[in-house]
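A.B. asks: What follows is a structure written as structure tokens; I'll ask about it next.
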Amino acid sequence: MSAGGASVPPPPNPAVSFPVPRVTLPAGPDILRTYSGAFVCLEILFGGLVWILVASSNVPLPLLQGWVMFVSVTAFFFSLLFLGLFLSGMVTQIDANWNFLDFAYHFTVFVFYFGAFLLEAAATSLHDLHYNITMTGQPLLNDNQYNINVAASIFAFMTTACYGCSLGLALRRWRP
């Protein structure tokens, strides 16, 4: 008790004073019924295919395709994490501006994947170049590697397009 007989009010409980998370996408399985959820699923599918195809070509040009592998593997796992946070409903428990985080994530990955797509297409275009081993010209990419890299380039483009669509949807949610 204080000097005047009045009691001091208890300090506010910090758990009660947290603001509500800002997210306009639904949490739980309902995320899969939205365009954004469908695009994230396509990003995971196509990104996984890029990863598998580049790895199966034995990475004949590591300087170019190393970045493609890094981007595809990293984006694959972060997209899985992103989808997992929404499917589990954790986005409603974590105080963050999820609309901005969605935009920032998709912008970053779109820029990186666009660069990866260009590098993969550049690696594929080197099919007709030859290098000299003991006076015999050997192609940089054999026909099997070329075919795999063509498929990887196509899926890298499709993945980039999916990230671009997700970026557009995220921008609409973030900037009403």
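Using the three backbone atoms N, Cα and C, a Cβ is placed for every residue, glycine included.
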A.B. asks: Is Arg172 placed by Swiss-Prot on the same side of the membrane that Asp102 is on?
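C.D. replies: Yes, Swiss-Prot places Asp102 and Arg172 on the same side of the membrane.
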A.B. asks: Of the residues in the topological domain 'Cytoplasmic' (171-176), how many are helix, strand and coil by DSSP?
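C.D. replies: Residue counts for the topological domain 'Cytoplasmic' (171-176) by secondary structure: 4 helix, 0 strand, 2 coil.
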A.B. asks: For the topological domain 'Cytoplasmic' (88-102), what does DSSP give as the number of helix, strand and coil residues?
C.D. replies: 9 helix, 1 strand, 5 coil
A.B. asks: Give me the DSSP three-state residue breakdown of the topological domain 'Lumenal' (56-66), ordered helix, strand, coil.
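C.D. replies: Here the numbers are 6 helix, 0 strand, 5 coil.
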A.B. asks: Which sequence positions outside the topological domain 'Lumenal' (56-66), separated from its termini by at least 6 residues, show Cβ-Cβ distances below 8 Å to it?
C.D. replies: 119-120, 122-123, 126, 140-141, 144-145, 148-149, 152
